[in-house]
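Asks: Annotations for this protein, taken from TrEMBL, read as follows:
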type: DOMAIN; residues: 150-215; note: domain 'Phospholipase A2-like central'
type: DOMAIN; residues: 225-319; note: domain 'Phospholipase A2-like central'
Amino acid sequence: MWRVTLDLYRQGLKLRQLTDGRHLIQVIYSQNGDLQDCEFITQERTARSFLKTLRKELKSALDEKIYSLNNKNSKNIEEKFYRHFGNVSFRILRKNDSLPPDISSWLQYDKLKMECLRRHEEMKYMIENINKTGDSSFARSRRSLRENFILPGTKWCGAGHIAARYGELGIDAAEDTCCRAHDHCRLNIGMFKRRFGYFNYRPYTISHCRCDRRQKRDTMELLRVPGTKWCGKGFSATRYSQLGSYTRTDRCCRVHDLRCPFWIGAMEKKYGFYNWRVNTLMHCRCDERFRACLKLADTSVSNMVGKLFFNVVQTKCFILKPVKMCTQRSWWGKCLRKTYTKKAYLRDNLPY
């Protein structure tokens, strides 16, 4: 079995990937160690691809370290090694060695599989019953579900809030104050509710444009990369030229978000295709340029963004093909006029 852990925040989300050679489990934990989301992949080809990539990266790390130890002028080699593998730890286990106690609980494949399936059933049950019962009977259950979608370090940024009173804020008080003010906008439409003559079919609340000065928050905002303003769901920059501390990576995300001419928003139908996902689908050419930009940046942050985006979050893209469609029909159904229109076809993104 192989295991990979990525810390999205220093004390925040953790991504763990585990395989038995035939199946692959990807699990996201919150800062408290609670299971937040997961994916159970049964395609053996995906598991083999994961193992192949992991072995390749481990071999590269080992080869570079051995070369730096044998090379007298190894200053540049050391800098390159720590840029790529400085945040990676390795433990070599002999044939009869037992697993370290701090990670033995991570490698229980069957247990993780059952927890993943149970989590999916729980979320499915909550969504199906959210409109069938009164607010009082499921208030506590909905609150526990919302806690999994609150940005670490805050109490108001995410789906609902977990604050006990209005004056209670999280560790990141400045950001939490902004989210609190936005959440108390009086003109809003809750998820799957009708108000002002409009039914909101989205899985999040929509607010009046005066209240909403940035992209609408949803669950994918939890994957916003610290130190950037454009890498994640939407962006937090107030102007185009504003970048985070990781400027090279942020430039790639900015171009990908704003300069792609073909995209399909979450829960939106476009080019004859309905995107049921909670994240935007991009044209494959835009994703290819994004991958190339991250590869050229060649930093630990850009590589982490690339792996999260292409290997976990956005494994799909789409291409456009011209198809002939009927635009005018007679009263008995015969097509009178045909024209070519663009139709989207889903494709797999290349892994990073």
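From the backbone N, Cα and C atoms, a Cβ is placed for every residue, glycine too.
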Asks: In the domain 'Phospholipase A2-like central' (150-215), how many residues does DSSP put in helix, strand and coil?
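Replies: Its residues divide into 11 helix, 12 strand, 43 coil.
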Asks: Find the average pLDDT over the domain 'Phospholipase A2-like central' (225-319) in the predicted model and report it.
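Replies: Result for the domain 'Phospholipase A2-like central' (225-319): average pLDDT 87.
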Asks: What does the DSSP secondary structure composition of the domain 'Phospholipase A2-like central' (225-319) look like, as residue counts for helix, strand and coil?
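Replies: Computed counts for the domain 'Phospholipase A2-like central' (225-319) are 40 helix, 15 strand, 40 coil.
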